[in-house]
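Peer 1: Sharing a structure below in structure tokens format, with a few things to ask.
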Amino acid sequence: MSPLKIQGPIRIRSMQTGITKWKEGSFEIVEKENKVSLVVHYNTGGIPRIFQLSHNIKNVVLRPSGAKQSRLMLTLQDNSFLSIDKVPSKDAEEMRLFLDAVHQNRLNAVAMKPSQGSGSFGAILGSRTSQKETHRQLSYSDNQVSSKRGSLETKDDIPFRKVLGNPGRASIKTAAGSGITATRTIPSLTSTSTPLRSGLLENRTEKRKRMLSSGSELNEDYPKENDSSSNNKAMTDPSRKYLTSSREKQLSLKQSEENRTSGLLPLQSSSFYGSRAASKDYSPSSTNLDRTNISSQTPSAKRSLGFLPQPAPLSVKKLRCNQDYTGWNKPRLPLSSHQQQLQGFSNLGNTCYMNAILQSLFSLQSFANDLLKQGIPWKKIPLNALISRRFAHLLVKKDICNSETKKDLLKKVKNAISATAERFSGYMQNDAHEFLSQCLDQLKEDMEKLNKTWKTEPVPGEENSPDVTATRVYTCPVITNLEFEVQHSIICKACGEIIPKREQFNDLSIDLPRRKKPLPPRSIQDSLDLFFRAEELEYSCEKCGGKCALVRHKFNRLPRILILHLKRYSFNVALSLNNKIGQQVIIPRYLTLSSHCTENTKPPFNLGWSAQMAISRPLKASQMVNSCITSPSTPSKNFTFKSKSSLALSLDSDSEDELKRSVALSQRLCEISSSEQQQEDLEKDSKSCKLEPDKSELENSGFDAMSEEELLAAVLEISKREASPSPSHEDDDKPTSSPDTGFAEDDIQEMPENPDPMETEKPKTITEPDPASFTEITKDCDENKENKTPEGSQGEVDWLQQYDMEREREEQELQQALAQSLQEQEAWEQKEDDDLKRATELSLQEFNNSFLDSLGSDEDSGNEDVLDMEYTEAEAEELKRNAETGNLPHSYRLISVVSHIGSTSSSGHYISDVYDIKKQAWFTYNDLEVSKIQEASVQSDRDRSGYIFFYMHKEIFDELLETEKNSQALSMEVGKTTRQAS
């Protein structure tokens, strides 16, 4: 017997995935819509992979693998290679026979599931030619049968009966002397009836002939149908089954040829499967109703289709619509594929803290839009940057890729963070809040490097604008969505002197309020208000010498999303342990910041805001969305100079040494030169630039608005580009005169991409001096008496030769370092796999130990100085109403909660609950598992385990929700219009 499912280690090689590692799983054969497929399941879970076998098998090889075990290797037409190892030899041999039969197009002669109660190979499939000709007339009945196949695969004891012969029509006859009767299974009408194996129904032509038989023959055969013992006994021998199926196949082909010549009557739109109206409902209740109605009819009524008249044109038209609807013929997806968008992240080994934080961050729609929809040049970002092919790549593919690809992307994100924060490099449990802080800081740093390093295309419409720089500034999603500013006002109690101090935050760490037994549990709103309460501190006033001051905290700028970290851990000095406080804290739907804002508090950035919109007006450092350093007093885009320090940071290691030398020499020259001498240099250089009108026009366009210091920088820039190496005071700056080492941002952009032109263009600059510039610069050099003529030129050439040698040596060292790095990487990966196995076992053990303590201690926080906020009765009532409605100004709505289940920070488990704006529903992400949850359950179930809370500004939330609703309504309208047009 051919097994339909075998298990063992699996490895797949394909063009899409390459060669995978050996993983435990199973091969399962599935046939649907007359097509055979191989479904690969992995024991670790995930979406099954499906490979079509019909007309797609290239080769099947079976090799021994150990005692009584074999390895089955299957090659498909596209050279995809599938292997399953350590399979029992008997099962592997039977699977090979089945695959060979499929390969040789003998599918209809092979049994699909004898081990699951099918009991016979007797189901006969008609030829493909016959099916194509009769498809338009039989599509309605076929759709009804196929719709029930999926639920009729696991029942046992199928009764059989003989094929009814009809003398008036070409009946099916067995070979002479065979003694084997062609059998068929009765079509079932309900999920509880006798099952059918998908794809093994008999030829529709034979079915129609049996429907034309007389009622007496039908009644005579019913006892034989229900008597399955004789049939099962006759079909227990596999060889007899195979022989029977082969002969039935030949008879089926012969009969189909006869039907082609004789012709068939068209099938009426209503059949013995049930009425058209009833067939549209596939629920169990409606199916049972169909069975009742049909069973009440007489047998002759069921089999009377052959005597019906030709179908009406209306019926034919409706049948054609059913046929044209391709959804009936599409293979049904497995149940797991319907939840593809609801699949979480795999646990790499104690990485639940990372999964929970990433799910919460990715659920922030405005954050995701700012990261993905502003055209960031990902190819120009270093590969080890978090936002390049790491964070953004995972965000894009988290809902569309398979679990293995997603796992690889997760590893890359973890490695990118571990490269900066080594504590996350292993597989030990880490704190989710620490990971969140590191992730946000690293994203911010990477975006700053991007804006400092790369100059992008000019903004459309601003190429000719004289007052706006054409350099595009990319918006940092952390700053626009999560960062906010708090102003601390230190007020002297003696003289009233106020000293303001501003500070930026990505989140707030708030204390648990001390719980008073008689009072009800406190809420997140109470903890937030406690954080912003006024405090007294010792402070020495410079004005009056007072020693006491009062500190008040107010929001200076609000965020789109407010992240609150509830400090649930207390350190036990005696035991040196971090204990978790399981104090109950109410989680309100809405928070309000109105009492912590002033008239000057700035609202969050609106959804249409970007850094490019604000680039024309100067902002303070605390207000800059990105720290892209430009000169505010040089509006001309031709003279947008960066500071030397920031320039050095933005270049790669190959040009760093050269840049340091050039910067040092330039600074020395600036210190020696006086303002009068620089003015003379400007006039002389302007004359020399007249030989190149186009370039001089561009450069002089920005002189009017420049200060004296900036004119100096411009002169140095022009002299480095125009002058040749000559006996002048500018020889010291000559190593940076090639376009690749200039201060212009265009040159900076190309430096890391291709550093070689730096070497090839320098000799060209040396061999092609400008005579006019040479004369004037020589005269100017004699006046300043800074350098000597011959020594400077010779020293320049020697320096270039030395530089070339250093570059050669650095290249060799780089190659050696790369080779060593590859070896270390292989060793590290091996160690990582071992650590992963140990960490997984440790994680499961710690989770089981801490599960009983998941609620944590119910004692209060122990914060003696944090008792309770004193509200008036009216304020308390107003806050209570706002917690449900959010009517107060500056209200924020709950959109995500990260919870910790366990008693200590070094063990336990993290999960996240997020609100999906697109689906307008709450979901719980527990590593790979995703489940739907009600918001009320989130508020009640996480009141003792909630650790990090994400609140979105109510106006931003309402705007996103309204946009999503309009988008969905528009999509439905477009879909409706398309269906009507078709």
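Glycine is no exception: its Cβ is also placed from the backbone N, Cα and C atoms.
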Peer 1: Pick from 53-61, 71-79, 80-88: which range has motif 'D-box 1' per Swiss-Prot?
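Peer 2: From Swiss-Prot, the annotated motif 'D-box 1' range turns out to be 71-79.
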Peer 1: In Swiss-Prot, which of 161-169, 881-889, 935-943 is tagged motif 'D-box 3'?
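Peer 2: It is 161-169 that Swiss-Prot describes as motif 'D-box 3'.
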Peer 1: So how many of the residues in the domain 'UIM 2' (809-828) end up helix, strand or coil by DSSP?
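Peer 2: When I sort the residues of the domain 'UIM 2' (809-828) into the three classes, I find 20 helix, 0 strand, 0 coil.
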Peer 1: Over the domain 'UIM 2' (809-828), what does the predicted model average in pLDDT?
Peer 2: 80
Peer 1: Would you identify the secondary structure of His909 (active site, proton acceptor) according to DSSP, in three states?
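Peer 2: In the DSSP reduction, His909 (active site, proton acceptor) maps to strand.
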Peer 1: Note down the number of other Cβ atoms within 10 Å of the Cβ of His909 (active site, proton acceptor), including every protein chain shown.
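Peer 2: Result for His909 (active site, proton acceptor): 23 neighbouring Cβ atoms inside 10 Å.
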